[in-house]
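This report refers to the structure that appears directly beneath it.
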């Protein structure tokens, strides 16, 4: 029986029961790849949640960016409140990789800032994978980067049990060996302190305190303590403390690694000198000798990850261990969300990393073994995957091929193209929306007078908004300049309009989308920012300017994704402005019409009247400062209430800002406000972890 407990007031409807049954059947039959081809707004996440619940295996859900990963994690935590739904993304707030530009002889040192909260979540994810089966890890593509060997990580963990006899000095030495730091004054994550017979540890994977009480050398009690109030939260009979860092190197392995690094250094120096590269040889020797001295003395050096091949005992070219290796062999499931974007990302990670590091090696900044500190190659990643579900409204041909779909070839515009044959292979379609809302009508109109025609459509929706539910408009252009010019033109005619393009920061982007949903303006103009993951049920019109300009932004998949932005509204409509009908346009329109006819027929058969989507507005402002500015109210309580709904990916940033405010308040002797902020930081950390964890 599955350990996953799905909690929802809703039952699967429309195509969902058929899709769930199809996916579960395909997986239970042992098929490696299957695809959920689900139209926008059909509840693909709900279908995947039911599939996970019925399959009952630990699951990795991959998304193509951290914002989408946070959205998925929030949704899955609501559906699985009693299970471990973890969040695993890159822990860098800022990252400037090491690089060298030969043309200008410019060396750029690595510069980074690690987010402590996200690091805690990463440790929480790996701990859950060791200790339970009912685990869903939602991750970005960065999870294919090296993470340290799971065997060494588990082997280095320290078990504690009530009644166990253990020398206190040995415990302190063991904690130090797995990167915990002793500090008897300030107890924070990754530190421990000993006072008399009481040892207190804050593990790497959460902020609760583990208190171990000794009677002589015998463990008398193990308790979980609230770090703020000191309240006893739980008493345990046993627990295991995992290392403070994922990269764990035993002392014997470190000594072997140092010898291997020295040997590689001598070989590379001989090669450089033979080729007359004396500057490169001098540079490499100086840098590497310093690193070796640091490794001997303190077991660590800056850029230690560049020696990871030696430290983990891998051979040249062997893939590094990553998050996938923390899952148990073949007993797990992979779900790739928005696979048409995520799969190419997996494919491209290795090449970009390799090109940068090769320059460093060629010019004596790094040993050749640094090339093995890398993300997995695509083929290495897929070799580790036992069973997988691709999820997309527009899956790529590669995903469809892996799902054994059939294709037909046609010549269009002088090119031979492959097209998926509907209903073939292990491709499960999900077309019917639970709300009964059908795909929008698509109209093609000439480009002559397109702006005036668009203006008329906008005015029509503004008039309807006065009498009924609010309607919004999305307009997509081909260039940033066009977006800005169109925005200015519409503003001059009294339209409340904003634009989005690549130069707008992620925080500003979410603020603009939030204002759009709340009705602060009615028209949003953008370039390539209005496709996957933009969930706005208020949008009743999507206008696509220059739809006949073939290219990535007007390819079939891009057009279907843009059409999908109007597919959540009962009055959804799409207008493509074009003078010719391109093959991409024709295919996108034909697919939309095919889905629309299926949906209309289903509604007629089941006497369903489409209902507008009522969606909780959860994309709140991303930072405390933005919340305060938006409310125009210094009242901390109101600002914090607004902060309760922020996306999961932004909580670490908010915690950092609240901590700065807390320290500033304490410095100004405003202890009451500092205490309020401390309590709120604690609540946000609890939300970040997502569920009360037993250790």
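Placement of Cβ uses the backbone N, Cα and C atoms for every residue, glycine included.
These come from Swiss-Prot:
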| type | residues | note |
| --- | --- | --- |
| DOMAIN | 25-176 | domain 'Helicase ATP-binding' |
| BINDING | 38, 39, 40, 41, 42, 43, 44, 45 | ATP binding site |
| MOTIF | 91-114 | motif 'Beta-hairpin' |
| DOMAIN | 454-617 | domain 'Helicase C-terminal' |
| DOMAIN | 652-687 | domain 'UVR' |
Neighbour tally for residue 38 (ATP binding site), based on other Cβ positions within 10 Å of its Cβ: 25
Residue with minimal Cβ packing [other Cβ atoms within 10 Å] among the binding-site residues 40, 42, 45: 45
The domain 'UVR' (652-687): DSSP-derived helix, strand, coil residue counts: 33 helix, 0 strand, 3 coil
Non-site residues, in chain order, whose CB comes within 8 A of the mean position of the CB atoms of 38, 39, 40, 41, 42, 43, 44, 45 at ATP: 47, 393, 430, 433
Overall pLDDT for the domain 'UVR' (652-687), taken as the rounded mean: 74
Helix-strand-coil residue split for the motif 'Beta-hairpin' (91-114), DSSP-based: 3 helix, 15 strand, 6 coil
Those residues of the chain, 6+ apart, with a Cβ under 8 Å from that of residue 39 (ATP binding site): 393, 430, 431, 433, 439, 564, 567, 595
Cβ contacts of residue 44 (ATP binding site) (under 8 Å, same chain, 6 or more positions away): 36, 38, 391, 430
